[in-house]
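Going by Swiss-Prot, these are the annotated features:
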- Gly180, Pro181, Pro182, Ser183, Ser184, Gly185, Lys186, Thr187: ATP 1 binding site (BINDING)
- Gly859, Val860, Ser861, Gly862, Ala863, Gly864, Lys865, Thr866: ATP 2 binding site (BINDING)
- 147-420: domain 'ABC transporter 1' (DOMAIN)
- 498-711: domain 'ABC transmembrane type-2 1' (DOMAIN)
- 814-1067: domain 'ABC transporter 2' (DOMAIN)
- 1139-1353: domain 'ABC transmembrane type-2 2' (DOMAIN)
- 515-535: transmembrane segment (TRANSMEM)
- 549-569: transmembrane segment (TRANSMEM)
- 597-617: transmembrane segment (TRANSMEM)
- 635-655: transmembrane segment (TRANSMEM)
- 660-680: transmembrane segment (TRANSMEM)
- 747-767: transmembrane segment (TRANSMEM)
- 1160-1180: transmembrane segment (TRANSMEM)
- 1246-1266: transmembrane segment (TRANSMEM)
- 1273-1293: transmembrane segment (TRANSMEM)
- 1303-1323: transmembrane segment (TRANSMEM)
- 1331-1351: transmembrane segment (TRANSMEM)
- 1385-1405: transmembrane segment (TRANSMEM)
Amino acid sequence: METLSRSLSKSLGELLASNSNNHFSRRSGSTIDDHDEEALKWAALEKLPTFARLRTTIIHPHEDLVDVTKLGVDDRQKFIDSIFKVTEEDNEKFLKKFRNRIDRVRIKLPTVEVRFEKVTIEANCHIGKRALPTLPNAALNIAERGLRLLGFNFTKTTKVTILRDVSGIIKPSRMTLLLGPPSSGKTTLLLALAGKLDQSLKVTGRVTYNGHGLEEFVPQKTSAYISQNDVHVGVMTVQETLDFSARCQGVGTRYDLLSELVRREKDAGILPEPEVDLFMKSIAAGNVKSSLITDYTLRILGLDICKDTVVGDEMIRGISGGQKKRVTTGEMIVGPTKTLFMDEISTGLDSSTTYQIVKCLQEIVRFTDATVLMSLLQPAPETFELFDDIILLSEGQIVYQGPRDHVLTFFETCGFKCPDRKGTADFLQEVTSRKDQEQYWADSKKPYSYISVSEFSKRFRTFHVGANLEKDLSVPYDRFKSHPASLVFKKHSVPKSQLFKVCWDRELLLMKRNAFFYITKTVQIIIMALIASTVYLRTEMGTKNESDGAVYIGALMFSMIVNMFNGFAELALMIQRLPVFYKQRDLLFHPPWTFSLPTFLLGIPISIFESVVWVTITYYMIGFAPELSRFLKHLLVIFLTQQMAGGIFRFIAATCRSMILANTGGALVILLLFLLGGFIVPRGEIPKWWKWAYWVSPMAYTYDALTVNEMLAPRWINQPSSDNSTSLGLAVLEIFDIFTDPNWYWIGVGGILGFTVLFNILVTLALTFLNPLEKQQAVVSKENTEENRAENGSKSKSIDVKRGMVLPFTPLTMSFDNVNYYVDMPKEMKEQGVSKDKLQLLKEVTGVFRPGVLTALMGVSGAGKTTLMDVLAGRKTGGYIEGDIRISGFPKRQETFARISGYCEQNDIHSPQVTVKESLIYSAFLRLPKEVTKYEKMRFVDEVMELVELESLKDAVVGLPGITGLSTEQRKRLTIAVELVANPSIIFMDEPTSGLDARAAAIVMRTVRNTVDTGRTVVCTIHQPSIDIFEAFDELLLLKRGGQVIYAGPLGQNSHKIIEYFQAIHGVPKIKEKYNPATWMLEVSSMAAEAKLEIDFAEHYKTSSLYQQNKNLVKELSTPPQGASDLYFSTRFSQSLLGQFKSCLWKQWITYWRTPDYNLARFFFTLAAAVMLGSIFWKVGTKRENANDLTKVIGAMYAAVLFVGVNNSSSVQPLIAVERSVFYRERAAEMYSALPYALAQVVCEIPYVLIQTTYYTLIIYAMMCFEWTLAKFFWFYFVSFMSFLYFTYYGMMTVALTPNQQVAAVFAGAFYGLFNLFSGFVIPRPRIPKWWIWYYWICPVAWTVYGLIVSQYGDVEDTIKVPGMANDPTIKWYIENHYGYDADFMIPIATVLVGFTLFFAFMFAFGIRTLNFQQR
């Protein structure tokens, strides 16, 4: 930077010398002094050419001249630090300077006014049982879609109105807040305004920007929708993510604005402030890797502390959820777009962080004339005050839209008043709800009667704000007043070549970050190369006859298969990246080809390296043709095969778009290419209806090129064949029906190269035209509609429900004294010089939880709230616990305690395919004592559903969080209900209101309160609650960072006791009127406050009378009451092993029945594979003339079992992975033993595999025309069934033995190659070297192929022709001598197959029982 400054100073010095008599006058009283160095430099700056002038500025404190495009990281950071010392205050000051500069020369900034008029959005969906994701329903859906394509429509769907006749105006320079309960249509409205609605929705009405319809410009570049889903590349850092976004979005009109600004300033003789000039020139300079706008955005969003941390995902630990949410916001505001639709951007953030971000956004809106519509979940009062306008949406209708100042007045005219200790936002979200409305009725002259949303909407139109809105809408926007730069008319504002460079840089970065993946792939290649080389070792290989040639062909085939399937990893890699790609494609960040081309080009060096590694190890160890030219030609084919394989797997991923479909569809495509590549079925014997597939199979060209290159080498050509009629090489090629012309090597190379190019073009086309399979769309759920209908009474009956419960329980007290908790010192801290071996997370925590008392467990992030709860509940899987924990005076024993306690986890983990009621029945039947009758259990389930207000949702499928099924708030209530049906005495709840809007949080807290009122002991961790949620608690246990107690005791009316306690401490500021006591309490007890007051709140608490009272209470409750006995259960679990198995089987059966994407996919794959195999090997069972016929049959059996089996194994892994996380929760609650659970999962697979095997066997057996004898058919069926079953259990086992699904897939895949090599087809058993023969006997596929062949041909005495043999042997003799198959071995084969099946099932159960990958 110093060199740059010197060179600029030199050039500007020359300009100064020639223009020393120029004078500029500063406005606002600033005058240029001829002797002022800074003024001279500004004067010289004005003489630079326009392009250079717009990139050069003066930087303080040394008045250096710099090119803004060459500012270093440190320079940018210093600038940001100097300008933004206190973010909120300094951001406002800086933006004010920015706006003053523009206003001084009277430049009008472009603005956008968004109008929506009479917008109605409807969706068609299935309802009732037809909507459940069962196998028949899924099959019907597929059939209906097919018929619709043919022009027939028999689909019976129900129309759901999401938005009903909504109109409004989003004005520039004003912050608009969008409020509404769940399923009110907020997301749909935001998507509609951003022009991003799903095409399947029916939309009427009109959305305009400055009077222009969405079709007249490019809305994706004019506005930005900021999703509530955080979709990012996990291995990129926060700064890299924002820099990529900034480079893709470009600078928009910033450069034009700056150019005009500088021109006018020059004409007017105005000098800008250096800081503002530097900032504006930096953010207007395009094509820089990292810009000042990124640093600015990081600072205002509070992300600068984690800018160099990777974002993270399920596999990689990264930033927190709240920080990830801010990255999603930053990714869009870093661009030039000033019209923003922001969807729930504060989820996971505490109220102070939310306030800071919204405040900064408010300043941007005010000073840059931006247009912002933002939806928030639980805006605190101080955040709510930052907005200018409010839109209140409920049941798809607008209840209010207009200035914030008038919203309470409107509801007061309707008879409702917001209480003093209630946030306005919370009030607005509850006042339209039937359950909550009555409490706000304030008109004492009239009796309360429910006012519906439609009635509110009607009244708003007559209210003066509504009338003014209608008046404004009636006057069309004058299109001619629209600033030329307001709307964007080009799809990409950055040159395509520049976008390619941006994507290239990102791809290179991702390859570096994924180095472990590529290293693992290379290691896998090396291991497979060494295994192949030692199996086909040259000392064991001959070149004397056709049989030797066949072994070499087998080695070439295996080499081709390994390198072809080396590209399989591209499948998961591509699908993993698709969500981010689709998001960025739809936002018009870059065209699809800039994504696919760098992936292809940067894969070339990796393929070269892997190919060289493979060929270097295998070529001479196996003993292929020794000429260097043939080595290089072999290497070229292997390299091109790897490139082609990468292309084909990326194409499959881009087309299928999900792992299940890609595994199924991709495996079918590969099976077809594999079968018709010319090596399993010789070219001449492929049925005429499949001939076309041979010519379009890339593997055929690879196979031809490799075999022609090898077999036309001198050592094969100069050796005569066994009948001396031709050369041995040509004879081998003729036996396998391979082309004998040497030109076929180059034809093969050309074919592979052509397919490589073709597949990469197809990848780009698929990325361009296909959309995500499950595009997120906000739809009012049927459950919500039912809930509304069910509430037609004037009052919710659940409010007045009798709190008695059907089943009795024993109220219990939990006391704990001096609890300490330690973990091993993290490695990172030891590296920083920490000498201790243990890190203390809880320190001398003492307290009591009592029946009928609702206790809040609070503290700042890192205080140890969840840690304390996990320690007390016995959920910790590691660490060291000290202290005395007692239940009603008796020492706590975990196995007993688990039976009488419930734990509601924050993550709401449930089986996704069962309904709400089924979830509760399952929990009740496993956790209630076996003495309770079935009738009582069912009655108790109904009682609990009523208590937690889930009656109207009882038939709703739970679904996956954030994707399908229940909303977040409904899942919270289900989590509570699942624990309640166990009839516990003590319930722990971890963050029951996190991620909920105010109304949903109120519903959950009402559920919690109802639970406490039954006499149970309830403890909740809570984070930044609103006033009314905080004051719903009876007692508080407050922790400071370090796990120390600073308050334990009652809250009191209006929190007066906690307020009095802290205000009594000298120096603690008094609470402001109407301020949230929870927020105040955390602020005054923070570490910063401790440092300021020079006090340790934990020590102060220990010297207080409150502490002594608590110690006395703990001492009193630590002694059992006279005559009391400790809890005792005769068995560990409530149910017997048989009872546990029956309940687990019941739930697993439902899960399988409602998982059509798993079962239909494997059924379809098996059906398609069977029909494909049958038609390719049509009547092959009747052909017994030569050895090739037998090879074809063995090849068919081997390919079918391997592909169908691998598909079974891959497909089951995601299902088991999802259910395992549920298993961890249920096992911790002592619901069942691991054995019955594992056995139920194993048993559930049997009927599905039976069905799969039945139609597979019937199709294959009939089409291939095997002998229809009972014994042969039975053995074929049995071997196929056991094979498919052991493959399925193998997939289940890999999940149970590994920490996650991705590792399971890698672990399983590592053995598929070995199964392939040692199956007995690629190299017959007699040819396997003695040092590898042991693996043949433990390879399950080898036993399968053995059984299938022996069952069909073990007793056949027909003779066949074998090349190189003078006498024709019998088939029985040939399979025994060539393949090593003993005809009398069927019983041992059957026994071994059953053994493999049981072994894999046992290992699955063993893994589930003994391995726990959940870290707590």
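Using the three backbone atoms N, Cα and C, a Cβ is placed for every residue, glycine included.
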Going through 549-569, 1160-1180, 1246-1266, 1303-1323, 1331-1351 one by one, which has the most CB pairs that fall under 8 Å from the transmembrane segment (597-617)? 549-569
Given the transmembrane segment (1246-1266), its same-chain partners at Cβ distance under 8 Å and 6+ residues beyond its ends are 1152, 1159, 1162-1163, 1166-1167, 1169-1171, 1173-1175, 1177-1182, 1193, 1196, 1200, 1204, 1208, 1272-1273, 1276-1277, 1280-1281, 1284-1285, 1288, 1352
So, three-state DSSP: helix, strand or coil for Gly862 (ATP 2 binding site)? coil
Most crowded position, judged by CB atoms within 10 A, among Ser183, Ser184, Thr187 as binding-site residues: Ser184
Integer Å value for the Cα distance linking Ala863 (ATP 2 binding site) with Thr187 (ATP 1 binding site) is 35
Does the transmembrane segment (1385-1405) reach the transmembrane segment (1273-1293) with at least 3 CB pairs under 8 A, where each pair is 6 or more residues apart? yes
Pairwise Cα distance for Pro182 (ATP 1 binding site)/Thr866 (ATP 2 binding site) [Å, integer]: 27
Using Cβ atoms and a strict cutoff of less than 8 Å, what residues sit near the transmembrane segment (1331-1351) while being 6 or more residues removed from its termini? 531, 534-535, 1193-1194, 1197-1198, 1201-1202, 1205, 1272, 1275-1276, 1279-1280, 1282-1283, 1286, 1290, 1314-1316, 1318-1321, 1325, 1375, 1379, 1381-1383, 1385-1386, 1389-1390, 1392-1393, 1396
Using a Cβ cut-off under 8 Å, which residues of the same chain at least 6 positions beyond either end of the transmembrane segment (1303-1323) come close to it? 520, 524, 528, 531-532, 535-536, 551, 554-555, 557-558, 561-562, 565, 568, 572, 1194-1195, 1198, 1202, 1206, 1209-1210, 1213, 1217, 1290-1291, 1294-1295, 1297, 1332, 1335-1336, 1339-1342, 1344-1346, 1379-1380
Argmin Cα dist to Gly859 (ATP 2 binding site) over the binding-site residues Pro181, Ser183, Ser184, Gly185, Thr187 returns Pro181
Below 8 Å between Cβ atoms, which of the listed ranges 498-711, 814-1067, 1139-1353 makes the most pairs with the domain 'ABC transporter 1' (147-420)? 498-711
Relative to the Cβ of Val860 (ATP 2 binding site), which residues of the same chain, six or more apart in sequence, are found under 8 Å away? Lys1040, Arg1041, Leu1082, Ser1086
In DSSP terms, helix, strand or coil for Gly185 (ATP 1 binding site)? coil
Do any residues at least six apart in sequence from Thr866 (ATP 2 binding site), in the same chain, have a Cβ closer than 8 Å to its Cβ, and if so which, in order? Gln906, Asp990, Glu991, Thr1021
Can you tell me which parts of the same chain pack against the transmembrane segment (1273-1293), counting only residues 6+ beyond its ends and a CB-CB cutoff under 8 A? 1201, 1204-1206, 1208-1213, 1216, 1241-1242, 1245-1246, 1249-1250, 1252-1254, 1256-1257, 1261, 1266, 1304, 1308, 1340-1341, 1344, 1347-1348, 1351-1352, 1386, 1389-1390, 1393-1394, 1396-1397, 1400-1401, 1403-1404, 1407
